[in-house]
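A.B. asks: Before I ask anything, here is the structure I am working with.
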Amino acid sequence: METPNNDSVPTPAEQAGANELSVADRQVNILRDKLRHIDRQLAAATQNNSKLVAMLETAKAEILRLKNALDQEGQPPYSFGTILQLNPRRQAAGNGQAATEESVDIFNAGRKMRVGVSPLVNINQLAVGQEVLLNEALLVVAGLGYERAGELVTLKEMLGPDRALVLGRADEERVIRLAGPLLSEKLRVGDALSIDSRTGYALEKVPRSEVENLVLEEVPDITYEDIGGLGPQIEQIRDAIELPFLHPDLYREHGLKAPKGILLYGPPGCGKTLIAKAVANSLAARAAERSGNIDLKSYFLNIKGPELLDKYVGETERHIRLIFSRAREKASDGSPVVVFFDEMDSLFRTRGTGISSDVETTIVPQLLSEIDGVERLDNVIVIGASNREDMIDPAILRPGRLDVKVKIQRPDAEAAADIFRKYITPDLPFHEDDLVEHDGDVLATVDAMVQRTVESMYSTEKSNEFLEVTYANGDTEMLYFKDFNSGAVVQNVVDRAKKYAIKDLLTTQQKGLRIDHLLRAVVDEFREHEDMPNTTNPDDWARISGKKGERITYIRTIVQGKAGQEPGKSIETMPNTGQYL
């Protein structure tokens, strides 16, 4: 019997099923390809859609920008105005809406008008003189700052808390109002203000260096103990100034008035300015003791005389008025004020002696009116310093104005030693050899140095001969270097000696000040003065140097200079340039 074969041929039904399955697979693959194609198309469409959205947004923004630009081009401009007065909301009193609603008075386009304030603007944050922004309906929509440019005027007088009298061009007087920033600032006479001439408001205070430099307000730290060799003069000044200041009741009881001023005259470099500063310091200390206020200050108004002169007529007089107004202001709270005119002869010469000008004919009366004018000068002391007191106008020097006249003479040997001790102090480094001579005693070394230096300086030996002068009556006099010594010369001598000590330290490594340095400094200091008598008219030079009396007709230099002995010089007869009463 035959076995059946397993690899039989598929039946037609099976063949048909296999065909259908193959067709189905092909269709699935086709559908998958279509799906991938559709996905790619969808991704491309999405990307294109994003680009279109971005383009639409850009187009929309551009359209909005153009629309805003068109709107701005068609918008009316804003205008500026300056606030003249603020009108907060008030209760109705029958004056209508314009008087009761919140508003401001402004200056706009040459007109004064009352306008409303936007609800978005707080009227309490606005101030007079401030600039504001106005819309088409002239409604205040924003507050701005203050005008930074304007005309410069000088404050003459305050007329209340918000008004002032000022001087403009050619001293034209004008009443102005103070803008917001100036209402809280302390103003004083002479201040420079910037004003808006259209609205009449002062906007800001302008510092003027040329005015401030003329008046140096300072609290001096110089005391009488810092001044050497002027004991009698200091005592005279203290009696004249401090007694009436400390005991005004006794002066009133005896019918005495305090002196208004002091004239310090004498050769240059002898301590006139130092005394004036010490007066201010001493008055402050006495005033603090009397009032119990330890914080009470004194003021020293140092007037630079030559710089006070101005080429414009009336400017110097205005500066003098400013100075005394400043002094009265400082003295109003009880603080002592010293007004110090250095080189007084340059400002207040005898009237009628001017050669190229006659400015003294108006400057001198201005000072006289300030000293004894209608306004009292309480707590103000006027001190003048000059080395040509004969050229100052006699009206200034008469009693009742500069009452006390103190001559600051050249120091004698005792005074020079006192001055030397102010500069040669025990804290300086001294040479070991000098210390050994005095057993290491620093004070004894200082005394010995001062004594030997003064002896050398004030010696009348032939080596110290300086000038031989011949007077109009035929008398002759020999003048020595000591006759031209001063506190400034003493300071120069000590400074030279210290410089020599430093140079020796650098070259020889020997530290310390020596007596040899001081003696060498004296010789070098006097050698520099050899040519001084022949640099100007000797008669005028003799007056400035402090040698007064008989008129000098001939002068001969004794010292041997580098070019040998100088020839004598005769004095031409000069017209009298002034008098001293």
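The backbone N, Cα and C atoms fix where each Cβ goes, and this holds for glycine too.
Since we're looking at a predicted model, the values are computed, not measured.
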A.B. asks: In TrEMBL, which of the ranges 28-69, 154-195 has the coiled coil annotation?
C.D. replies: 28-69
A.B. asks: Give the range, chosen from 1-21, 85-105, 316-336, 421-441, that TrEMBL lists as region 'Disordered'.
C.D. replies: 1-21
A.B. asks: What is the one among the binding-site residues CYS270, LEU274 whose Cβ has the most other Cβ atoms less than or equal to 10 Å away?
C.D. replies: CYS270
A.B. asks: Residues with Cβ closer than 8 Å to the Cβ of GLY271 (ATP binding site), same chain and 6+ apart in sequence?
C.D. replies: ILE227, GLY229, LEU230, ILE408, GLY487
A.B. asks: What is the one among the binding-site residues GLY269, LYS272, THR273 whose Cβ has the most other Cβ atoms less than or equal to 10 Å away?
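C.D. replies: Answer returned by the neighbour count: LYS272.
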A.B. asks: Taking DSSP three-state, what's GLY271 (ATP binding site) in: helix, strand or coil?
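C.D. replies: DSSP call for GLY271 (ATP binding site): coil, neither helix nor strand.
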